[in-house]
Amino acid sequence: MNKLQEEWNRFCASWMFNTRLPILPFYVYSESTLSRSSRYFPLIGWIVSAGTSYSTYFLSWILPIEISIILGMILSVLITGGFHEDGLADVCDAFGGGWSKEKILEIMKDSRIGTFGSIGLILSLGLKYLLLVNLFKISPWIFLFTSWFSHSASRWFALLLMMLIPYARENDLSKSKPMIKKLPPFDFALSTFFGCFPAVYFLYQFQNQIPNVLLGFFLSSIFVFYFRNYFNKWIEGFTGDCLGFIQQGTELLFYLGITVSWNSI
């Protein structure tokens, strides 16, 4: 297998893992490919953002902003299969109702949603809706660029958690386990490029917005390092659901950082 085909397979594996979109052509499965595909998680964020934010933007030509935002959020869930939202709900249920590592991990594996998960989803989706509406009213271009770097950087922060603490399920045989292990240095550097380039480009286009973006990164960093300690204390590591929780949380914090900064001007 040549190098180009190998990289394509890694990207396709990441595509399949993070979205419900059709399988890309010329993909050849192998576990070695799967194990290094997480380097492209932030790049998948570019694709999800492009599909949802530009659909919202074009819908706003014929529909009220609020309805366009709702439809864009629905499209995001359809593209990803609610993958990260499911992780957020499972973490809320598990840590809200569990009192030991074994019980927390058991609740996470339960496919049913409970009270804490429902509350977490309602609050996070409601906050996301309000923040996106506010960003769009500030400027459609601010909305588009913020969506781009928030989707990519939030997935990078999920990878950062993987680098900081071990996987919590020692004997897990799930198909996703090969994807959720520490990245080699080059892979993490590549994911950092895909995760941070949109923010750098945003600053290039809006050079007076450095404090806004830095606030988002600052809030997200505090969030990740707090939950690194929290997860390590209770389950001695992370699970795939923890990564979804981190992605959703940091995405919201980027939206919040830009919103706070703009409304303080």
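Just so you know, glycine gets a Cβ as well, placed from its N, Cα and C.
So that you can see what the record holds, here are the features copied from Swiss-Prot:
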type	residues	note
TRANSMEM	59-79	transmembrane segment
TRANSMEM	113-133	transmembrane segment
TRANSMEM	141-161	transmembrane segment
TRANSMEM	183-203	transmembrane segment
TRANSMEM	206-226	transmembrane segment
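If you look at the transmembrane segment (113-133), the same-chain residues 6 or more away from its ends with a CB under 8 A from one of its CBs are 56, 65-66, 69-70, 72-73, 85, 88-93, 95-97, 107, 143, 147, 248-249, 251-252, 255-256, 259. Beyond its flanks by at least six residues, the transmembrane segment (141-161) meets 38, 41-46, 48-50, 52-54, 56-57, 132, 135, 183, 188, 191-192, 194-199, 201-202, 205-206, 213, 216-217, 220-221, 223-224, 227-228, 231, 238, 242-244, 246-251, 254-255, 258, 262 of its own chain at Cβ-Cβ distances under 8 Å.
Residues 19-21, 48, 51-53, 85, 125, 128-129, 132-133, 136-137, 140 of the same chain sit 6 or more residues outside the transmembrane segment (59-79) yet have a Cβ under 8 Å from a Cβ within it.
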